[in-house]
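Summarising the annotation, TrEMBL assigns domain 'Major facilitator superfamily (MFS) profile' to 8-434. Annotated transmembrane segment per TrEMBL: 12-31, 47-69, 81-100, 106-132, 144-166, 172-190, 281-304, 324-348, 407-429, in sequence order.
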């Protein structure tokens, strides 16, 4: 087992790093590519904003359905086998833009991006968490999860920093190459999860051990499949089991509603307001990534035991509101850089929500509880672009009812404020003992 920890997990960490590096590397450039294909020579394009919003909503619908299904399939066929699907399919849309970024090829990319992301979005980190949980006992999981989170943050910083110094064409070409290397590396070096009856640890995204025995005359694999289809029933039972979980779910919904809205609107706002391009977007992401990484690795372990997770959650959400309001009223191109520094404080919110929920359920309900919170976040991913994309397009256009380009981002800040107010009313009861 110790040998697997040193060898197997190191290959998992490298696989996750390469995948995240390739995905995050193109993030600063995609806005320029979208604008160049749809509205060449312009800094404002309502069509681009609407298409981005539609893409986010469709991806949200897909992940809401596919995440539980992929998790259950990984129980039956193994983590590595299912992990191969997103690692391989992710190459296709990036490769299309690596070949050409004309209007025709952009629409081909757009269709493939929606279809593939509906299946694969978020599946690599989720399956990676399950892979770690399969092979690490509970006493060591928090450390392993922390390392996995740090690997993701490091890939984000390295990927966006690389994009800063490469041309747009070269960015997509290098990203495609790294994505291919990641898939090949996983194929040849990553071992599949080691699960046996004697040392079976509860996976993050499943709710039982992967057997093919029959229960009530039905195969166990069918039982898992029907559990995935009964998501709403599980959601109701978990939310009804604790007032704290219900409050945390409300916080998670409005927090993600705001985060997704900001992600879909901010770059178009900055391009229209201050003529930002790929390099400025990369600078903002690097600042935010470094600040968030330092906070997660250094500040959060110190502050959480002192102030408590509930208060730390409120602190993170408060500064999330502040940084959104700063973006909305930005009077200078330097303001977004100052706002990005708030990442050192608002990065607390998501880990705190997950930790609070995990302590309100027993050890055999962890997967169900975290899955329900993820499902609520997916609903926010669907609703947010439907609300905020039209608002952003309206106030960045010449048809705006009044001159306030950042009005949509201010509304996003108000959504974040709802989650902050709800977090202040959160009362965390003593955790359930395992």
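Count begins at 1; order follows the chain as displayed.
Each residue, glycine too, has its Cβ placed from N, Cα and C.
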Task = Would you confirm whether the transmembrane segment (81-100) and the transmembrane segment (47-69) meet the contact rule of 3 or more C-beta pairs below 8 angstroms, pairs 6 or more apart in sequence?
result = no
Inquiry  = Does the transmembrane segment (407-429) come close to the transmembrane segment (12-31), meaning at least 3 CB pairs under 8 Å for residues 6 or more apart?
reply    = no
Key: Highest-contact recorded stretch vs the transmembrane segment (144-166), from 106-132, 172-190, 407-429, CB pairs under 8 Å   = 106-132
Note = The predicted model's mean pLDDT over the domain 'Major facilitator superfamily (MFS) profile' (8-434) is 82
